[in-house]
Every structure is written in structure tokens, then in C-alpha cells.
Amino acid sequence: MKLPLPMFWKKKKPSLLVVGGGGHGRVVLEAALLNDHFARVVAVDPEEHKSWSLQIARCVEDEKEVVRDNETWVFVPAVGNAILRQKLFNAYLAKGFAPASIIHPASTISPSARLGRGAVVLAGIVGVQATIGDGVIVNNGAIVEHDCVVGDFSHLAPGAVLAGGSSLGSGCFLGANSSVRHATAIVRNVTVGHGAVVTRDITAPGVYVGNPAKLMSDSKKVLE
């Protein structure tokens, strides 16, 4: 799937700020470099820049080290934690940067799917007429099937499956190799543990584990 580019992209390639230099940030950075959409790709992280060892791109403490007034820069929030990802997203919007979505070239995305701002789709699948919200992560091997809706800043970990017609609220996390039954609804701020199987609607925030998935603890994380 080719995303329609904003008009200023068609005139000149922008450069990309990958906001986050940890493990997920490096994965996003490499995915961005595999595409030919950006003039430059630079990671920004006030801590990770101190021990940065990835040779294919720089990591700086602050974007002011690289951003110039005569250049166009866009950004993608690249941290796994949903609350921090939302805060970074809003902070960089407030600074005047436009959000970019990153799509790994090995992904499969339906032309009828809709991707939100600052979403990341790695080598996963997004099916027919699925809707992906702002700041969502669809990780390697994850599947968002037909007609699914994924809320803002949610994360499908590697191998997670959201079966057709299901909905995932904002700020949710589906652990690695977890699965959600067809036409199932999950409210916001839910964590589904690794390998868990969701067989019915989840109507209360919390941490759910097992097969079938059952509530283990109440959720204390809250998106704005």
C-alpha cells in the first residue's frame, strides 16, 4: 500500500526524526531507511544517544542539533510505552512537526485500509477496510484482519492476531502470539498477555492472561 504523500513531500523529500532510540526506535529507524521516502533519518533520544552504536544513522540528544529552518522535517514517535508515545506525539505536534507513518517494505497492507498519523507497520498484515489509529504499532508478524479497528497508541506485539471485525480500544497492548476472536470488542487501556486467547468482549481495563483470557489485575495506565 502506498500512502498518499502530503503536497510538500511531492516537491522535496522531508527528513525524518525517529523520536526514541531504544530497541523499538532502532527497529523503526531501520524500517524507515528501507524506504526511499526521506532525505535523512535521525534518531532523537536524550539518553540513548550516549551509548548509540548503530552505524547506519545518527542519534542526537535534541532535534535542534540537526533541524535547520530551510529544511522540512517530519517525525514518528518510536517508543513502546503507549503513554510516553502519546506524550511524544503531542509534544512534537506542538513544536510544529508533521507526523509520518512508517511502513516496512515487507508488510502487507490492503489498499482499502486506513492508517492514522504516526503509525508504524512493520512486517505484518493489515487487512481489507481495517482502520489503524494514530501512533499505533503493528509489529513484525502481527495481523490486523478485515474490518478491524485499532484505537490510538495501541500496540500489537510480534505474532499477535486481531481476527476480522474486532475492535481494540486506545492504549491497548496485545502481547506476542496472543489472539483475539472474530468480532470481539476490547475497551481502552487493556493489556493482553503473551500467548493469551481472548474469546469474548473485554469491557473493563486491566491485564488479561491465559486461555481463555481472564482478568489478572486492574489497569493503572491511562492515556490522556
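Yeah, the Cβs are placed from backbone N, Cα and C, and that goes for glycine too.
Among the features that TrEMBL reports, active site, proton acceptor is placed at His146. Annotated substrate binding site per TrEMBL: Gly80, in sequence order. Annotation comment: TrEMBL describes His155 as acetyl-CoA binding site. Per TrEMBL, the feature domain 'PglD N-terminal' maps to 16-90. The site 'Increases basicity of active site His' annotation in TrEMBL covers Asp147.
Everything TrEMBL records as a feature, shown here on the structure.
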residue: Gly80; record: substrate binding site; Cβ contacts under 8 Å, 6 or more apart: Gly22, Gly23, His24, Ile137, His155
residue: His146; record: active site, proton acceptor; Cβ contacts under 8 Å, 6 or more apart: Ser110, Gly127, Val128, Gln129, Ala130, Gly164, Gly165
residue: Asp147; record: site 'Increases basicity of active site His'; Cβ contacts under 8 Å, 6 or more apart: Gly127, Val128, Gln129, Ala130, Gly164, Gly165
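Within 10 Å of the C-beta of His155 (acetyl-CoA binding site) we count 25 further C-beta atoms, all protein chains included. Broken down by DSSP into helix, strand and coil, the domain 'PglD N-terminal' (16-90) contains 28 helix, 15 strand, 32 coil. Secondary structure from DSSP puts His146 (active site, proton acceptor) in coil. Secondary structure at the residue listed as 'acetyl-CoA binding site', as computed by DSSP, is strand.
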